[in-house]
Amino acid sequence: MVIAIGFEGSANKLGIGIIRDDEVLSNVRRTYITPPGEGFLPRETAEHHRKCVLEVLKEALNNAKISMKEIDVICYTKGPGMGGPLTVAALVARTMAQLYNKPIVAVNHCVGHIEMGRLITGSKNPTVLYVSGGNTQIIAYSRQKYRIFGETIDIAVGNCLDRFARLLMLSNDPSPGYNIEQLAKKGKKLAPLPYVVKGMDVSFSGILSHIEEHLSNWIKNEEYTSEDLCFSLQETVFAMLIEITERAMAHVGANEVLIVGGVGCNERLQEMMSIMCKERNATLYATDERFCIDNGVMIAVAGSLQYKTDGSTPWIETTCIQRYRTDDSALEGSEEEEEEEEEEEEEEEEEEEEQEEEQEEEEEEENEEDKTLNKGKFV
């Protein structure tokens with residue numbers, strides 16, 4: 001039995017969660033909310049985390065009904081994320097580790113989302129659509145790493161939605177994406193927007209620029225309402241995400257899809273994805289807002305897994321990395337996944353051997369033909 005505590009503070013949400021093996025004991029979170037039309041800056045966000053972190057820690061321990069002395073391992077978000085907020089959570093985690101002489105584990109934020117999703121849904125080896133304010137990636141597990149098969153080539157889908165909400169001066173409470181989703185339900189007209197998919201990669205910056213250029217005229221001429229534009233943006237960007245997810249599923253031969261990240265809470269995205277999955281006889285897994293949105297539990301879950309397989313993180317490596325990619329983090333897979341990978345490797349080796357044998361046979365046939373032709377020349 002391992003009791004783990006996770007500290008998450010990579011963006012505007014500060015979360016601390018505690019788990020006992022696979023059981024969630026507490027999940028406490030505070031969100032830094034800015035006025036309509038404004039985003040959140042690193043300095044102000046870090047200040048919010050500094051003011052709230054001790055209060056959140058006490059609440060998490062009280063809810064779990066345990067003390068810091070009973071914690072077996074301390075986990076924190078190493079990255080990716082905003083430098084200031086990341087540092088606040090890391091500093092508190094490191095301090096607690098020293099004060100109570102506990103092992104510490106640095107966790108990749110993206111891997112935290114995936115492992116949390118797998119734990120809650122029970123999915124085994126899914127193709128993962130990771131969609132949030134800072135990331136948009138298509139991921140699958142292969143050879144002790146999460147591999148990125150496709151991603152945004154500019155801004156994340158969540159960032160696109162957030163910036164669009166600022167253009168319409170929508171409230172940031174509880175989140176811009178949620179408010180867009182509610183308005184989109186009332187939309188009736190579909191505005192033509194750029195649709196940019198390149199293989200398994202996507203681009204959202206052009207959509208945002210197009211809206212910025214035409215927004216004032218659309219509203220002034222009453223061509224589209226705010227509800228229509230929210231509806232149009234959702235339908236367009238989500239269709240792009242469904243397309244690259246389906247392409248990745250076909251590429252890796254998967255029959256499971258897991259949606260993680262803050263944008264994954266969107267019910268319309270889940271609905272569109274479920275339609276695609278039904279057509280492919282695949283299974284869709286998604287979590288609710290308790291675990292889709294950034295939280296400390298997901299860091300505790302991923303950190304606990306790392307601790308059980310690889311031990312604690314060396315103290316000199318307990319730093320923060322703002323650009324910490326999903327495929328930079330190695331993680332042991334389940335026995336089933338490892339067996340599947342071994343089978344795949346054996347199949348690949350067999351195919352290579354067959355190809356080599358075929359090439360040798362072809363070369364022998366060509367040599368015999370050359371000999372026959374040469375004999376004919378000298379007769």
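Backbone N, Cα and C define each Cβ position, glycine as well.
TrEMBL annotations:
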type	residues	note
DOMAIN	24-300	domain 'Gcp-like'
BINDING	HIS109, HIS113, TYR130, ASP294	divalent metal cation binding site
BINDING	TYR130, VAL131, SER132, GLY133, GLY134, ASP162, GLY177, GLU181, ASN266	substrate binding site
REGION	325-379	region 'Disordered'
COMPBIAS	329-369	compositional bias 'Acidic residues'
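Shown here: features listed in TrEMBL, placed on the structure.
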residue	record	DSSP (3 states)
HIS109	divalent metal cation binding site	helix
TYR130	divalent metal cation binding site	strand
GLY177	substrate binding site	helix
ASN266	substrate binding site	coil
ASP294	divalent metal cation binding site	coil
Worksheet item: Excluding HIS109, HIS113, TYR130, ASP294, which residues of the same chain place their Cβ within 8 Å of the centroid of the Cβ atoms of the recorded divalent metal cation site?
Response: SER10, CYS110, GLY112, ILE114, SER132, ASN135, VAL260, GLY261, GLY262, MET298
Worksheet item: What number of additional C-beta atoms lies within 10 angstroms of the C-beta atom of HIS113 (divalent metal cation binding site)?
Response: 33
Practice prompt. Looking only at C-alpha atoms, tell me how far GLY134 (substrate binding site) is from HIS113 (divalent metal cation binding site), rounded to the nearest Å.
Written response: 13
Response to the item:
In this predicted model, the domain 'Gcp-like' (24-300) has a mean pLDDT of 96
Worksheet item: What's the CA to CA span in angstrom from SER132 (substrate binding site) over to ASP294 (divalent metal cation binding site)?
Response: 9
Worksheet item: Looking at Cβ-Cβ distances, which residues of the chain lie under 8 angstroms from ASN266 (substrate binding site) while being 6 or more apart from it?
Response: GLY177, GLU181, GLN234, PHE238
Item to complete: Using all protein chains in view, find how many other C-beta atoms are within 10 Å of the C-beta of SER132 (substrate binding site).
Response: 25
